[in-house]
């Protein structure tokens, strides 16, 4: 005796409802996979359980691309069938539904990227997710290395500029020290030339010291008459100069 037709209505028993959902869900996912392989069709299947758990199937594990394609086609069809009036409440309702679905897809992908809600993913989907994460990590590392190279190059330029500035300052300091040394040397020479001992030594070394002595004696009145004439023509002997 054949099996009777199952009446399509909500199963009241919670356990039977959960068992039926699990069986029918598996069969539905299997049929979706079969039609995608046999007919080379692009299939996207989304199922939410009564508890809000997501089950999905997508050709090549790219549900986002399928949803984007669906949104483009459905929007173009609405544009052909109905007049485009943005003030119409119906258009806003469709736009809200589209944005809400888009938001749910993005949130789900974000949870997957964070390593959450991975139980519902198949092996192929996990491999695809791993490939996407690897590509993202490579891109991040490339951007990080580029920023590091740019920072190092900028620091090297600043270091070179500081070294040049330091060399210029050192050169100016050396020139200033040289000028100060020359100035101190000139001042020291002037002080030596103006000192009494240097003047006295110059007088001692002068060959006309006798004449200077004679003129001094004449002024003081120490020499008279003919002796003045004789002293004027006499040069002081060396032994007297030494005693002086």
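Counting begins at 1 with the first residue displayed.
Placed from the backbone N, Cα and C atoms, the Cβ positions cover glycine too.
TrEMBL tags one of the stretches 153-173, 174-194 as region 'Disordered', and that stretch is 174-194. Of all ranges given (121-151, 214-244), TrEMBL attaches the label region 'Disordered' to 214-244. Residue counts for the compositional bias 'Low complexity' (182-192) under DSSP, helix first, then strand, then coil, are 11 helix, 0 strand, 0 coil.
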